[in-house]
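Peer 1: I'd like to ask you about the structure that follows.
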Amino acid sequence: MKRDLYETLGVGKTADEKELKGAFRKLAMKYHPDKNPGDAEAEKTFKDISHAYETLKDPQKRAAYDRYGHAAFENGGMGGGGGGFGGAGAGGFSDIFEDIFGEMMGGGRQRRSSGGRERGADLRYNMEISLEEAYSGKTAQIRVPTSITCDVCSGSGAKPGTKPQTCGTCQGSGRVRAAQGFFSIERTCPTCHGRGQTITDPCGKCHGQGRVTEERSLSVNIPAGIEDGTRIRLSGEGEAGLRGGPAGDLYIFLSVKPHEFYQRDGADLYCSVPISMTTAALGGKFDVATLDGTKSRVSVPEGTQAGKQFRLKGKGMPVLRSSQIGDLYIQIQIETPQKLTKRQRELLREFEELSSKDNNPESAGFFSRMKDFFDIE
Ligand SMILES: [Zn+2]
Ligand SMILES: [Zn+2]
């Protein structure tokens, strides 16, 4: 059983970036292997807190963790040697350690890479759909600007026929060690910027990057019943890795546009329908258009009160990946007539004179009950 990441750092689920950083810094100072030489327990704790911090400081990873827990990082995302979600394996922690302490030590931050291969960045794509589209589901074609592996040099960054050379400064490791106070800090090699290799003859197309930017067309399946705020992950559809590293993931952040007539609550829909005072009193019928493209008749009985709710079974939203369908609730509002003519006013006065307590039991008894309750004159 893996420990909860928030618990590991000793912060609440709502901790902001500053709190996370502060908590990590405190724990890292205590458990850093350089301060606890030979202590395997401290090293394990240090890796755990590093992993927790690395995950939670990244808004995308944090969102994935909040939604799916540790399972978010167990399938797919770990592919390739470049890291991916989960990250802090052996050696992986020096990166975030630098991230936190880099400013304190007066150094900058460099992304860690091994052997020059680096995992591509995750990409975010915001998509907005209508409630009707969420109802029926759709296949959306999207165009994603992304970098892909350069076809001329096959991602090596070196001109075809030449090869990248092993960096002389770091002997290919991409990292150099330097003493900083009581810490011994591993830093990104300044010569090769962590690649471990230098390219003397860069590829003409990608200028040594090993990747080029292109727009790709992707088809995304939006299932029926999808909810506002859903994230869809397309594994490996993110940015290409650097110099042959694995690609990142593409996240589709889905939002459902507010609807003119319907409010949604999970699989149920709500629609507020204003009817006239006379319809409410005498009874009547009206039709509502529903998302399945048909209409449903609602019968209002005589003496319907404001706030009365009618349920149309199976006229709500489909439930994701099931055959269930929610309901549609019609909520009645009663509109009081305005701009009366002389004749209408006369008729209503006459109606009022003919009214008895039985016509309005609620309002007729209300004030006397209130008086009694508060014992006032
Ligand atoms: Zn190239
Ligand atoms: Zn180097």
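Backbone N, Cα and C atoms are what each Cβ position is placed from, and that goes for glycine too.
All TrEMBL annotations are machine predictions without curation.
Take a look at what TrEMBL says about it:
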type	residues	note
ZN_FING	137-215	zinc finger
DOMAIN	137-215	domain 'CR-type'
REPEAT	150-157	repeat 'CXXCXGXG motif'
BINDING	Cys150, Cys153, Cys203, Cys206	Zn(2+) 1 binding site
REPEAT	167-174	repeat 'CXXCXGXG motif'
BINDING	Cys167, Cys170, Cys189, Cys192	Zn(2+) 2 binding site
REPEAT	189-196	repeat 'CXXCXGXG motif'
REPEAT	203-210	repeat 'CXXCXGXG motif'
Peer 1: So which of the binding-site residues Cys153, Cys170, Cys203, Cys206 sit close to ligand 2, that is, with a CB under 6 Å from an atom of it?
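Peer 2: Listed by sequence, the hits are Cys170.
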Peer 1: If you count other C-beta atoms within 10 angstroms, which of the binding-site residues Cys153, Cys206 is the most crowded?
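Peer 2: Answer by Cβ density within 10 Å: Cys153.
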Peer 1: Would you list the DSSP helix, strand and coil counts for the residues of the repeat 'CXXCXGXG motif' (203-210)?
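Peer 2: Split into helix, strand and coil, the repeat 'CXXCXGXG motif' (203-210) gives 0 helix, 0 strand, 8 coil.
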Peer 1: Based on Cα distances to Cys150 (Zn(2+) 1 binding site), point out the closest of the binding-site residues Cys167, Cys189, Cys192.
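Peer 2: That would be Cys192, nearest by Cα distance.
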Peer 1: From the binding-site residues listed here (Cys153, Cys189, Cys203), select those whose CB sits under 6 A from an atom of ligand 1.
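Peer 2: The binding-site residues passing the 6 Å Cβ test are Cys153, Cys203.
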Peer 1: Determine which residues of this chain, when Cys167, Cys170, Cys189, Cys192 are set aside, have a Cβ within 8 Å of the centroid of the Zn(2+) 2 site's Cβ atoms, and list them as they appear in the sequence.
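Peer 2: What remains near the Cβ centre is Gly168, Thr169, Gln171, Gly172, Ser173, Gly174, Arg175, Val176, Pro190, Thr191, His193, Gly194, Arg195, Gly196, Gln197, Thr198.
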Peer 1: Looking only at the repeat 'CXXCXGXG motif' (167-174), what is the model's average confidence as pLDDT?
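Peer 2: Summarising the repeat 'CXXCXGXG motif' (167-174) by its mean pLDDT gives 88.
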Peer 1: Of Cys167, Cys192, the binding-site residues given in the record, which has the fewest other CB atoms within 10 A of its CB?
Peer 2: Cys167
Peer 1: In whole Å, how far does the CA atom of Cys170 (Zn(2+) 2 binding site) lie from that of Cys153 (Zn(2+) 1 binding site)?
Peer 2: 24
Peer 1: For Cys203 (Zn(2+) 1 binding site), write down the residues of its own chain that are at least 6 apart in sequence and whose Cβ falls under 8 Å from its Cβ; none is a fine answer.
Peer 2: Cys150, Val152, Cys153, Ser156, Gly157, Ala158, Lys159, Pro160, Gly210
Peer 1: Under DSSP, the repeat 'CXXCXGXG motif' (189-196) has how many residues in helix, strand and coil?
Peer 2: 0 helix, 0 strand, 8 coil
